[in-house]
Amino acid sequence: MKRTIIMMLDSFGVGASADAASFGDVGSDTFGHIAKACAEGKADIGREGPLKLPNLARLGLGHAAMESTGAFAPGFGDNVELIGAYGHAQELSSGKDTPSGHWEMAGVPVLFEWGYFSEHQNSFPKELTDKILARAGLDGFLGNCHASGTTILEELGEEHMRSGMPIFYTSADSVFQIACHEETFGLDNLYRLCEITREELEPYNIGRVIARPFDGTGPSDFARTGNRKDYSLAPPAKTVLDKLNEAGGEVVSVGKIADIYAYCGITKKVKANGLEALFDATLAEVKSAGDNTIVFTNFVDFDSHYGHRRDVAGYAKGLEYFDARLPEMLALLGEDDLLILTADHGCDPTWQGTDHTREYVPVLAFGAGLKAGSLGRRKSFADIGQSIASHFKLEPMAYGESFL
């Protein structure tokens, strides 16, 4: 029975990529800087001591990062019995955003330029917002700027609840984000507003509209809920997910995967929020998955809760939790199963600002006859998609080189 399980640690980069200068990210290193902070006792909130990832280390994480940066991260070295194949991959795509990373690892790199709202204030064209408001029957909106999602709730959440006006904001990514209170504005109303916005953004080539529902009564307890929804453009070509689907296979999305691919190629969507629930759901789907199935999970907390919020200790604690549960996954794998652990970009929690970082991503692969050892530097995330196509004996993808 052949299956592929993709565990995507959102934002878990392993060192600045060769083109990092073009993004202002030279020196960034999500994994390395977390390990360094832990070793120096600077990440002892809710956890303590050096970063402990014994199972990821056995799969080759420390070695993959060493090949990426030229040195082992603090606490990692050669004194580990490797069981997996490891490498690190360069991104071909033009951006360091979520859709680009995901689409490329499924065999479709983004070789065009996304549209962006680059002005930090008055970010959105009036012509665009006028159309959105008219169609939605709204009198106005708040925000209209680049912002951190948590900070903008503290600043504008109460005014939003009083006025009923949605909060529009963006970032360095190709994204239009809308924050609304689940009770006072209504979740269905927020989703409908996002659908309208997605349609009106067509001429602007914006990658995603993101619904950011929140609850609470004031700045001290406003919090995003688990009902986030992404409205992505569809990939410009068929991904390996589409190809497996068309060949009669199954593609199970756990978390926000289905949204990122605009549901293209997805046969089943499983909703889960938080590292524990996402891991539980992944295990449950692997237990029930039949032949010719991909189970694909995005562990978004690493990015949204820890990377963007520059929470080093939280990121470290999350990684250690993930690592401690990996044996549960390994125990479910059959001889012909392929397990891949990777990331879609970096988001170094020690870096300036709150945005993603342009980094190599780890490619850790286990099973399907792979021998433990180095896969080297991969020229594209698309090598993952090509390897999956090879695993299932599908028609080759246009991009990428299989490591199987």
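A Cβ is built for glycine as well, from the same backbone N, Cα and C atoms used for every other residue.
Listed in Swiss-Prot:
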type	residues	note
BINDING	D10, D344, H345	Mn(2+) 1 binding site
BINDING	D303, H308, H356	Mn(2+) 2 binding site
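Taking the mean position of the Cβ atoms of D303, H308, H356 as the Mn(2+) 2 site, the remaining same-chain residues with a Cβ inside 8 Å of that point are D10, S11, S304, G307, H345, C347, T354, D355. Within its own chain, D10 (Mn(2+) 1 binding site) has T98, N298, F299, V300, D301, F302, D303, S304, G307, A343, D344, C347 as residues 6 or more apart in sequence whose C-beta sits under 8 angstroms from its own. Comparing Cβ neighbour counts within 10 Å across the binding-site residues D303, D344, the minimum falls on D303. Between the listed binding-site residues, namely H308, H345, H356, the fewest other CB atoms within 10 angstroms of a CB are found at H308. Within 8 A of the CB centroid of the Mn(2+) 1 site residues D10, D344, H345, the other residues of that chain are M8, L9, S11, F12, T98, G101, H102, D303, A343, G346, C347, H356, V361. For the pair H308 (Mn(2+) 2 binding site) and H345 (Mn(2+) 1 binding site), the C-alpha distance works out to 12 angstrom. Annotation note: D303 (Mn(2+) 2 binding site) sits in a helical segment as assigned by DSSP. Spacing of H356 (Mn(2+) 2 binding site) relative to H345 (Mn(2+) 1 binding site) is 7 Å (Cα to Cα, whole number).
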